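A.B. asks: First the structure, which I've put down as structure tokens, then a few questions once you've had a look.
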Amino acid sequence: MSQVRSDKPFTLAGRTYQSRLLVGTGKYKDMDETRDAIAASGAEIVTVAVRRTNIGQNPGEPNLLDVISPEQYTILPNTAGCYDAAEAVRTCRLARELLDGHKLVKLEVLADQKTLFPNVIETIKAAEILVKDGFDVMVYTSDDPIIARQLAEIGCIAVMPLAGLIGSGLGICNPYNLRIILEEAKVPVLVDAGVGTASDATIAMELGCEAVLLNSAIAHAQDPILMARAMKHAVEAGRLAYLAGRMPKKLYASASSPLDGLIK
């Protein structure tokens, strides 16, 4: 019997996860759809935009944590909507206070509202402060391998290069840069942003990414629950394909049946 190549665990901040799909909570039509889509995705880590979502900072308003329980999911507060380092640091500290000392955060510092590209200068500033302040920082960044390396050297526990513009659904726009980042990686690399459908998630995993984080691809689908299920299987299939190792590409045909013993 052939040997099945074993997989290493997906571990972040000392905790191991079965699912390599991380999902967001924005853009759903209501809390019920949010809950059902996340459940269908099989995700164990759920990211929340602290500046846009109530997780306790607005008493009297619906609280997302009432439907996405911290007892069931790892809550990953993010700094979406922040445009400078100081703003991002304040948001992370607020999240830590609201979540009883929670240290795991997703840092994103945006450059402008049109592209939502990361401002890498402000991102590096914020990362340095947060790491020194004891946070476990997962960081949204460009697909520049040098910036990704610097963020890892600062002490970020994961780097999350964009595959395409946030919310664009363009897919994996520059797989070659991602491959360079992956070759040099000393920390987990997760694709963040740009995934539009299941095949995009599979490609990211086939490249060797540890995991995929997405939101719009599910929330904006015609059937979010069904797309959440598709993404779950896509990530699993991509990981298995990566472990299996794809066949080499060839310019010309190669017969799959042996030539020996042909009937003459």
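Glycine residues also receive a Cβ, built from the backbone N, Cα and C atoms like all the rest.
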A.B. asks: Which candidate from G167, G238, G245 does Swiss-Prot annotate alongside A193, G194, N215, S216 at the 1-deoxy-D-xylulose 5-phosphate binding site?
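C.D. replies: Matched candidate out of G167, G238, G245, per Swiss-Prot for 1-deoxy-D-xylulose 5-phosphate with A193, G194, N215, S216: G167.
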A.B. asks: Taking only the residues the record lists as binding 1-deoxy-D-xylulose 5-phosphate, namely G167, A193, G194, N215, S216, what is the largest Cα to Cα distance between any two of them, in Å to the nearest whole number?
C.D. replies: 10
A.B. asks: How many Å separate the Cα atoms of A193 (1-deoxy-D-xylulose 5-phosphate binding site) and K106 (active site, schiff-base intermediate with DXP)?
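C.D. replies: Each residue's Cα considered, A193 (1-deoxy-D-xylulose 5-phosphate binding site) and K106 (active site, schiff-base intermediate with DXP) end up 13 Å apart.
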A.B. asks: For K106 (active site, schiff-base intermediate with DXP), which of the binding-site residues G167, G194, N215, S216 has the nearest Cα in space?
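C.D. replies: Result for K106 (active site, schiff-base intermediate with DXP): the nearest of the binding-site residues is N215.
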A.B. asks: What number of additional C-beta atoms lies within 10 angstroms of the C-beta atom of G194 (1-deoxy-D-xylulose 5-phosphate binding site)?
C.D. replies: 25
A.B. asks: With the 1-deoxy-D-xylulose 5-phosphate site defined by G167, A193, G194, N215, S216, which remaining residues of that chain have Cβ atoms positioned within 8 Å of the Cβ centroid?
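C.D. replies: Result: G164, L165, I166, S168, G169, V195, L214, A217.
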A.B. asks: Which of N215, S216 (the binding-site residues) has the most other Cβ atoms within 10 Å?
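C.D. replies: The residue with the densest Cβ neighbourhood is N215.
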